[in-house]
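Worksheet for the structure shown next.
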Amino acid sequence: MLDLKRIRTNPEEIKKALTNRGEDFDISVIDELVSLDEERRKNLVEVENLKSKRNKDSGEIAKLKKSGQNADELLAEMKKISDDIKGIDAKVSEIDEKMQYIMLRIPNIPHPSVPEGKSDEENVEIRKWGEPRKFDFEFKAHWDIGTDLGLLDFERGGKVAGSRFTFYKGLGARLERAVINYFLDTHVEKHGYTEILPPYMVNRVSMTGTGQLPKFEEDAFKVDNGFFLIPTAEVPVTNMFRDEILKAEDLPYKFAAYSACFRSEAGSAGRDTRGLVRQHQFNKVELVKFAKPEESYDELEKLTHDAEEILQILNIPYRVVRICKGDLGFTAALKYDIEVWMPSYGRYVEISSCSNFEDFQARRANIKFRRDPKAKPEFVHTLNGSGLAVGRTVAAILENYQNEDGSVNVPEALKKYIGKDVIR
């Protein structure tokens with residue numbers, strides 16, 4: 001959520017910043033919001049004037065009654081004033097609802113460094129690591145490798161739950177678990193994150209706090225009693241501090257959270273339908289930070305590096321792209337995508353998004369910090385990034401480490417978790 005004062009003060013600047021934002025967003029609602037805000041402020045001034053008049057009349061009535069004089073006229077006037085105040089309060093409440101409706105649907109303001117562009121084709125590559133492997137045999141896609149080795153069972157996953165669900169079996173399940181443990185151990189022991197195992201269901205307030213609702217409700221799995229299955233651990237971990245005031249000396253908070261994630265993938269029909277890249281249920285280790293505003297962009301660079309280092313240790317080629325304005329999404333002010341090389345696709349595929357939301361989520365979730373005990377609370381900056389998506393990492397390992405005989409070498413970093421050098 002944006003700062004209303006900023007919108008009120010610089011509506012044209014806001015509209016310019018949100019032009020070509022890539023969201024289905026009508027910038028004319030900024031003018032509507034400013035108009036509603038002006039109307040609200042006028043009504044509040046009127047209420048204060050009426051309350052002042054009522055207090056004055058109350059004093060006059062007390063004097064009249066004390067002297068035995070008739071106060072009926074003033075009493076009638078006071079009743080009318082009270083009725084008028086109730087009417088204006090009701091009008092203000094209605095305006096508040098309209099403003100809240102608009103505010104929750106305004107996307108974040110892009111950071112000045114975000115490149116112009118309308119789609120992912122205009123994202124800017126900023127660095128590459130490693131060289132894509134050149135095979136001297138006909139390589140296979142990870143879904144074929146997984147099926148042939150008995151690691152993945154897409155057919156029975158579909159039978160049990162439907163399309164885009166998968167059984168991991170035997171060494172496939174062990175590989176998935178090994179990747180999770182490797183991610184967590186690296187982020188906790190080497191990068192200094194605190195491990196979190198969060199709830200897999202959250203309430204509507206939590207989904208609204210991180211920006212999934214109301215805009216992306218169709219992408220969420222809703223269950224009974226107002227709960228939602230989490231699309232990412234970002235939601236419960238960020239909302240851990242909802243409606244709290246943090247201490248400046250405790251910042252930055254750094255959390256690494258493993259969870260299953262659940263997404264309906266509405267609107268993605270026909271995209272990456274085979275394999276592990278786009279599933280309704282998948283595992284992920286999420287990195288979440290809470291930082292002081294002046295430190296948040298340094299923390300974003302560190303977070304992105306932490307995610308990259310995972311792939312460097314696994315020795316899997318990847319690149320980092322800066323996301324352009326039109327592909328930025330709803331909540332981020334600045335976003336990097338880390339894309340891993342997938343031979344079967346012949347291209348780099350997203351395996352992590354690392355974002356700084358500035359105070360956008362903190363305003364929605366009311367997360368503040370205090371620089372010292374007497375200081376006015378300020379909104380924190382929130383950041384997160386995948387560290388990494390587990391299924392996509394497994395897919396990248398199967399494809400990049402495959403052998404001509406159909407077996408798969410185990411990356412050095414995972415051997416202690418799996419207890420094997422080769423999966424065959």
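Count begins at 1; order follows the chain as displayed.
Every residue, even glycine, has its Cβ placed from backbone N, Cα and C.
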- Message: Of the residues E176, E286, E339, only one is listed by Swiss-Prot in the L-serine site with T232, A233, E234, S386. Which is it?
- Response: E286
- Compile a sequence-ordered list of residues in the same chain as E234 (L-serine binding site), six or more apart from it, whose Cβ lies below 8 A from its Cβ; state 'none' when nothing qualifies. T210, E286, V288, N384
- Can you tell me how far the Cα of E265 (ATP binding site) sits from the Cα of T232 (L-serine binding site), in Å? 13
- Message: Taking DSSP as the reference, which of helix, strand or coil describes E350 (ATP binding site)?
- Response: strand
- Rounded Cα-Cα span from T232 (L-serine binding site) to S264 (ATP binding site), Å: 12
- Query: Nearest to T232 (L-serine binding site) in three-dimensional space, by Cα, is which of the binding-site residues R263, I351, S352?
  - Reply: R263
- Could you measure the widest C-alpha to C-alpha distance across T232, A233, E234, E286, S386, the residues recorded as binding L-serine, and give it to a whole number of angstrom? 9
